[in-house]
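As given in TrEMBL:
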- 1-16: signal peptide (SIGNAL)
- 166-387: domain 'Peptidase M12B' (DOMAIN)
- His315, His319, His325: Zn(2+) binding site (BINDING)
- Glu316: active site (ACT_SITE)
Amino acid sequence: MYLAVFVCLLFGTAAGRYHTRTVFPEIIEERSEHGSLVLQIHHGLSLTLTKVSVATEALRLRSNLNGVLTDQTVNGSEIQASLFEDKVKMATVSLRMTSYGVKVTGLLNPTERIQPAVFHPKRVLGRVPHIVQRIQQPLGLERITKEKRRGILPRSDIDSKMPVKVTIEVYVVSDEIHNKRFNDKDLLVYICIFMNTIKAIFMGLVCPRVEIALVGVERSSKAQEDNYVFGNEKLMNDMTSLDMLRKYAMGNLEQYGYPDVVLLLTGRDVYESNHGVINKKIAGIAYEGGVCTEQRVSLAEDTPGAFSGVIDAAHELGHSLGASHDGTEPNKHIEGHPGSLNCSASSGRLMTYVDGGHLRYKFSNCNEKEIRHVLRARGKKCWEVNATKIYAIDNVFPGDLLKPTEYCKRIYKNNKVYSSEDYRLKISCKIKCCALLPSGKYACGLHPMLDHMACGYKKKCFQGVCTSGKLVLTHNSKKY
């Protein structure tokens, strides 16, 4: 068998005993001529897998080894050898052949993940037991006012001849709290899958089309993160850390390859402080319109291995590209900024405070105009692709990897939390995380399913919609 060995330690080993699904994947057909195969997850789901198309042969990983800062070039073809996708079902998985059978780790859809079961009493000859689990993200987080996000942003000469597609190069920095559970290769794969979901969200933008490209990853050490973290092992201040990150990123811009945006993923709890009062209901922060300027930084919380920060990171990248919260006035610090007063703050779209289901994965028309204005203002230097290496894993989503109970445990950092099955919620791409309180009562929290989580028979959630249709990702063809 040609499958490369790939040790997947990405998502831990806790499977959860509440409302999880055990499956026994099996390769039932292999077409070596085209490098494709058919993987049966269970009797209701089979994946037609082809090798993932990696856009480059290498990805630069910046890390600190024994006090020495090093840049490693990771062979993309080695990662590609073990990664497969089903573009129709929007699944991306890593396969590893063992003497006991195939081991599968990855996203079955944007809201459901799969991983081998560490301990399971039931065995099937030649087939390894696996656990399928949903992913969800906590709601109710507050985001920061425009005044706190503002930066004095330089105005480039307006160039009306903007290309039909603009590639936004994103360099991801992972702080030590976020990256310490991963080895190097697992961290790269996790971030690739994380960014693939964000890429799908930005595909809805037109005129120009916006493509998010991951160009590099920094695995920060404790010494490195001290340069941009204002806080402690659990907490990180929002504005002070953002300003420190700005200085840190500008000092490393050449080493990063001059990306358009630097995104920090933190495993800490971000907070703001007003008059001595700490507010921890903060999901992330960015300089509005900071793309391709000295303010090209944004940060978002993410529970390591849980993909909990995907929507918040997409939201903050939207700010970096010039999108404001729907229903707000033009940003006076960006000349000619159109603002979003004509778009409802209660629509539930990405740049609002409201969970609008499938709309939560969409930008409003106002946001599109704001992003178009900022990208046009930034000019040709921003439109050009600086990176010689761009890394991507197509059509791999968090739900292909995480199971519901495992996600609930990780997001709440409590092994007693479990996912509660409710068909009425599933078809709306929602899920409940519940726990038994000391009083004997149950407490539950409602969360959106992650992309590619199962929501019914042969159906999966994608961007808040439960569908059995062909979910091939393409740029929105809407014209202005």
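Here, residue 1 is simply the first one shown, and the rest follow in order.
Backbone N, Cα and C atoms are what each Cβ position is placed from, and that goes for glycine too.
Any TrEMBL annotation is an automated prediction that lacks curation.
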TODO: Sorry to bug you, but what's the C-alpha spacing from His325 (Zn(2+) binding site) to the residue listed as 'active site', rounded to the closest Å?
DONE: 11
Open item on the list: What's the number of neighbouring CB atoms sitting within 10 A of the CB on His319 (Zn(2+) binding site)?
Closed with: 27
Task: Cβ neighbour count within 10 Å of His315 (Zn(2+) binding site) - done: 25
Task: Secondary-structure category, per DSSP, in which His325 (Zn(2+) binding site) falls - done: coil
Task: Surrounding CB atoms that lie within 10 Å of the CB of His325 (Zn(2+) binding site), all protein chains - done: 25
Open item on the list: At a 10 Å cut-off from the C-beta of Glu316 (active site), count the other C-beta atoms across all protein chains.
Closed with: 28
